[in-house]
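Take a look at the structure set out below.
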Amino acid sequence: MSDNKFIPYGCQWIDEDDINAVVDVLRSDYLTTGPKVLEFEKKFADYTGAKYAVSISNGTAALHAACFAAGIKEGDEVITTPITFAASANAVLYQGAKPVFADIDERTYNIDPKEIEKNITNKTKAIIPVHFTGQPCDMDEIHKIAQKYNLMVIEDAAHALGAEYKGKRIGNLSDMTIFSFHPVKHITTGEGGMITTNNKELYEKLLLFRTHGITRKRELFENADEGLWFYDQLCLGYNYRMTDIQCALGLSQLKKSDKFLSRRREIAEIYNKAFKELDGVIVPFQKEDRNSSWHLYVVKFDLNTLSMSRRKIYDFLISQDIGVNVHYIPVYYLSHYKKLGYKKGICKNAEKLYEEIITLPLYPKMNDEDVEYVINAVKKVVL
Ligand SMILES: *Cc1c(COP(=O)(O)O)cnc(C)c1O
């Protein structure tokens, strides 16, 4: 047993080669806008199979940039899931548009395409499906709806680096896909993010948005006769760049992503086997044609058959030094959303799920002893 050791729900894995990659950049000429940025983008595009990849300061900025590039503006509506991190919906608010929450599938906990279609109005401009825990959403059905109503699809793949949908890796299926490199995600750069796309026009818009809206590409200027010092600002962008320091770390981490991924899958398999046996515990359902990247391991408790409430289970596991969590509080339960007028009752399945779930620790550096320790603690709850 791992005594006196806190097991977090997620954690990075940094080795000496990652540290050396960062130190090399610190000794070089470029700390930002240098060669490591382009190299990371190229390698990341290759990994996901996308034509273009744009590095950006974090996953939230990636969502913001994608909403900008999709042309989301005041008066528009964008459909997403309430079972996500607030950033998926906040990005829509940044653009002055309205997030519309569509309910989830009871089994996968991903956004339900039928619920998306129910929520479409003449103001709907885009869909942001979130591959919750790393299991890809029903992308064929979502693309069909998008085509029928002429909507953009921005995949929030913050959980889904390396995940597969019908044998294809997430990252080149939709108009744009966003990733996060926060330390609990699959690979880390401290803070960082990426947007992948196959569309050149969207790619150009993302680049502009990331750098103040400013460009030195003379073919884009209104007046190409200006002196060579001249740059132009074509729209209101931000400084959302990643540094070369971060991109060097990202490159080093990306090399290990398959190793990280297979360890995540191994741990999920151990959990599945152990918890399938237990009454009162419902293991995550996986569709046949998906290969999850297992960012999170979310168990659902059948609280009718258990003597403990979810709060008691949570408190007990924390008391055992297990860093459990709840992913997610439905976004529209949060005060900022309440102030905007969202009320309980919008998404029944999501609200029910929220009462019944707990996220258990899952990260590649977790050893078998830690996994056993978590399993035994859960057994104490239900047996
Ligand atoms: C982590 C996360 C984000 C935001 O990414 P950051 O890099 O932390 O800004 C967005 N959506 C989901 C689903 C996430 O898990």
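The backbone N, Cα and C atoms fix where each Cβ goes, and this holds for glycine too.
Reduced to three states, the DSSP call for LYS185 (active site, proton acceptor) is coil. In sequence order, GLY10, GLY59, ALA158, HIS159, LEU161, PHE179, HIS295 make up the list of same-chain residues 6 or more apart from LYS185 (active site, proton acceptor) whose Cβ falls under 8 Å from its Cβ. Residues annotated as active site, proton acceptor in TrEMBL: LYS185.
Taken from TrEMBL, the feature N6-(pyridoxal phosphate)lysine covers LYS185.
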